[in-house]
Amino acid sequence: MRSPFSMKFLTYAFLIVAVVVSIYPIYWIYVAGTLSDGQIFHYPPSNWFGSHLVSNVKALETSMPVWRDLANSIFVSGITTVSVVFFSSMVGYAFAKYQFWGKSFLFFVVLITIMIPIQTTLIPLFIIISKLHWQNSYQALIVPFLVNGFGVFFMRQQMQSFPEQLLEAARIDGSNEFRTFFRIVVPNVLPSLAALGILTFLQQWSNFIWPLVVINDRNRFTMPLMLQQLDQPGNVIHYGPIFAGAAIGLIPLMIVFVCLQRYFISGMYNGSVKG
Amino acid sequence: MDPTQAGKRAWLHRRLKFGSVSVPAWIPYAFILPFFVIFCVFMLYPIVDTFIISFENWSASGSQWVGVHNYRLVLTDPAFWTSLLNDAFILLVQVPIMLFLATLLAVALHSKAIRFKWVFRLLVFFPVLVDAVTYTIAFQLIFNTNFGILNYLIHLVGFGTVNWTGNAWAARISIFMVVTWRWTGYNAIILLSGLQSIPEELYESAVVDGAGRVKTFFKLTIPLLRPILLFCAILSTVGTLQLFTEPYILTAGGPGSATETPMLYLYSIGFQNYNFGLASAGTYILTTIIGILSYLQIRASKGGDYHA
C-alpha cells in the first residue's frame, strides 16, 4: 500500500510523540540526579543536566549503603534468574518430549498457578520465613522465587518444536537422556533461555512488595526498596540523591536489555502469542 | 519377594519407546522432581495454606476455625468495595484507552512508510525496563503541583494548576497515566507481532474494495487482532486488580480513599494489622474476581480463533 504524504506525516508525528512520552520520565531521572534540590524544585522546571551528580551520590552514600544494595539486587535477581531458567528448561523439556503418567495433571497444576495472583502466596510464605528465622536474609529474598509456573509453560512451548530426529540420533549413538539434554538440547535453545532469562531478571529486580514485607535491614535492601525507604512521607526527602540512586539502579537493567533485547522481544512474542 | 516389591521392580524396568530405541520410564520424573519439590513447598503449599487461613482467626500461638466469618467481614467492609470501585474505573476507562493507543502504536510501527522502525520500537519499549518504584518516584515530581513539568505544560496551553495528589479525580487520573505510560508500549509490541502475521493480501483486497484507512482499521485490523487484544485485555485486567506499587508510592491510596486499590487494602490488613485470616479471605475473593473476569472476557470473544 502506498501512503499519501499526510498519512505518513501523521504516523511520524504520532510515533515521535510516543517516543518522547516514553523516554521523558527516564531522561528526567538522569537530569534530576544531577540537580540540587533547589534546582529540582524550580519553576519553570529545569530540563538540562546540572553539576550536582557527585554531591548527590555522596549524600546518598551517607544515608544508605547504596553499593551494597545495588549488589544485593544484582545478586538476588541473578541467582533467581539462573535457577528459574535451569529448572524451567528441564521441566519444560520433560513436558514437551516425554509421555509419562500424571503428565497432563501436573501440567494443569502448573498452568493454574500462572493464573493465580502471586499475592495468594504472600502470607504463608511470610509465616514460613518467620518460622525459619529468615527475615532480613538473602534466603528470604531468593528461595521463594527459585521456580515458577510461567517459566515451565514458556519453555515447554519452546521445546515442543525441537526436532525429534536430533534426539533420536543422540539416543541411537547411546547418549543417555541427561547428556542429550545438556549437550544437544540446551545449546540449541539458547535464544529461548535468554528470552526467559531477561524476562525473569526484570521481574525479579522489580519485585517490591515481598522485600517490603520481609526486609528491614538496610544492608539487605534491594534497589527498589532502598529508593522507597528514602522517599517515605514524613522523612525529610532529598530528591537529588534519590534520583541519583534511581539513575544508578537503572544501569544494570539497561545493560541487560541492550545485550539481550533481541531475545527479549522475541521472548515476549513467544510467551504471549504462541501461549 | 512380596508382590509390591515385584511391582516396583517391574516399574523400574519399564521403558519408554522412541522408534527403535527406548529409555527407562523413570527418566521424565527425574527431570521434573527437583522442580516439583521446590514448587510444592513455595508455591502450592502457600496457595492451599492461604485458603485454610482464610477460614481461621490466625495467630502464631494457635488459630481458631471461624468458618466464613472472614469472608463476611471483607464483603461487608465499605473500604473493600471502595477499592474495587476504584479499580473498576481503571478497568473500564484506562484499559480500553490504553489498548486502543497500543493498537494505533502497533499499526504505526508496522507501517511500510516508516523508516528506522527498529529505533522507534526500541524506544517505545523502554518503559518496560524500569521497575515500578523507580518510575513512580519520577512521576511523583512530574505530577508535583507547584514545580512539575505536567502542570507547567498545562499552564502553557492556558489552563490552571491541577492538584494531582489533593484532588480525588486528579489523583485517579495520575495513577491512570502512570499505568498507561508503563504498559502501552508493552502491549503495542505484542499487538505488533499479531499484525505481522496478518497476510498482506487482505489489506490489498480491502483497498481494491475501496475501503478507507479508518474503515480498514476498524473493520479489518481490529477484528483480526481480536485474539491478541483479548490476551492483552486479560493481562491488563489481572494487572489492574493487583495494582500496588504505583498508588502505594504516588498517593498512598489518597486523598481519602480515592486511589485505594484492593492490594493496598489487603496489604494494610495483612502486613500492617497482621490480621492474616482476614487478608487471606480478601485474597481469595480477589482471585475469584480475577478468575470470573478472565472467564467472561474469553466468553465474550468466543468465535475468535484464540488458542491458549
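Cβ atoms here come from the backbone N, Cα and C positions, even for glycine.
Given the structure is predicted, the values throughout are model-derived calculations rather than measurements.
What TrEMBL lists as transmembrane segment is B:21-48 (among others).
TrEMBL lists B:84-297 with the feature domain 'ABC transmembrane type-1'.
Annotation source TrEMBL lists transmembrane segment at B:88-110 (among others). Residues 117, 120-121, 124, 172, 175-176, 179-180, 183-189, 191-192, 194-196, 217, 221-222, 225, 229, 232-233, 236-237, 240-241, 243, 293 of the same chain lie 6 or more positions beyond the ends of the transmembrane segment (B:88-110) yet place their CB under 8 Å from a CB of it.
If you look up TrEMBL, you'll see B:122-143 (among others) marked as transmembrane segment.
Sequence-distant contacts of the transmembrane segment (B:149-170) (same chain, at least 6 residues past either end, Cβ-Cβ under 8 Å): 142-143, 250-251, 254-256, 258. Residues or ranges marked as transmembrane segment by TrEMBL: B:149-170 (among others).
Summarising the annotation, TrEMBL assigns transmembrane segment to B:224-244 (among others). Outside the transmembrane segment (B:224-244) by six or more residues, the chain places 87, 90-91, 94-95, 98-99, 102-103, 175, 179, 183, 187, 190-191, 193-195, 198, 202, 261-264, 267, 286, 289-290, 293-294, 297-298, 301, 304-307 with a CB less than 8 A from a CB of the stretch.
TrEMBL lists B:274-296 (among others) with the feature transmembrane segment.
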